[in-house]
Amino acid sequence: MKYIGAHVSASGGVENAVLRSVEIGANAFALFTKNQRQWQAPPLKEDTIEKFKRFCQVHHFSPAQILPHDSYLINLGNPEAENLAKSREAFIDEMRRCDQLGLTLLNFHPGSHLNKISEQDCLARIAESINIAVDSVPNVVAVIENTAGQGSNLGWRFEHLAEIIEQVENKQRVGVCLDTCHLFSAGYDISSLASCEQTFADFDKVVGFEFLRGMHLNGSKTLLASRVDRHHTLREGTIGTDVFKFIMNNAHFDNIPLILETIEPEIWAEEINFLRSLEQN
């Protein structure tokens, strides 16, 4: 089964993300469980938690279909001790919020070395941050998102993801989310069915499909290997649509959230239908 949805707004309460997903015909969704541009947020209220769980049950969303995203402020590889501690504390809070909502995944951008420490040191800090978080909060899997490689962001090479996972002690509590725009911008060609075969074979060899816990399905405004992260709609931009056909007809992408973060929310329902039309039963 393909779980397809979008990163919907949780404005007015996280329970509203469920209803907004139903409106666009989704059977998956992503959300922020707090304001993504603030360090701290009020705790989730009991009635909010109850409504979220009830709405998920009524509309048949299981935890496997929901991919929460953490705050953009968090940098789990921060070279500065004070800011690293602040990021780790915020990440644990994000994990705790997911656990309170009955969710089992938390998607995050791995981190940046800020040109102050080596890549290896930064990757080790990210892995240590994951170890601390999963020791602090039960049930929730830390899902590392591949990046486009802008600036000093790590996670744009499969080897970065593999190196983090290797240093995480509990392999059951770590996974990966692949973003198609980020893959392309990082230099992984996914513009044809043949190049998709090669790129995802490389992913399986270096990281392993057993760690794939979600996908972000996005077009790109920039060229292959641009190292610039600019999302586009599915059918516009530089990647083309073969990658989406590949994903929709490959069992490796079954039963994980396939999440749109494309730039026109008003056509998300149409894009979900487009993806479903690519399935060759």
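In case you wondered, yes, glycine gets a Cβ from its N, Cα and C as well.
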Among GLU23, GLU46, GLU145 - the residue Swiss-Prot places in the same Zn(2+) 1 site as HIS69, HIS109: GLU145
Candidate sharing the Zn(2+) 3 site with ASP229, HIS231 (per Swiss-Prot), from HIS182, HIS252: HIS182
Further binder of Zn(2+) 2 named by Swiss-Prot next to GLU145, ASP179, HIS216, taken from the candidates GLU119, GLU236, GLU261, GLU264: GLU261
Binding-site residues listed as HIS69, HIS109, HIS231, least Cβ neighbours within 10 Å: HIS231
GLU145 (Zn(2+) 1 binding site) and ASP179 (Zn(2+) 2 binding site), distance between Cα atoms, whole Å: 7
Environment of HIS182, ASP229, HIS231, the listed Zn(2+) 3 site - residues of the same chain whose CB lies within 8 A of the CB centroid: THR147, ALA148, ASP179, CYS181, SER185, ASN218, SER220, ARG230, GLU261
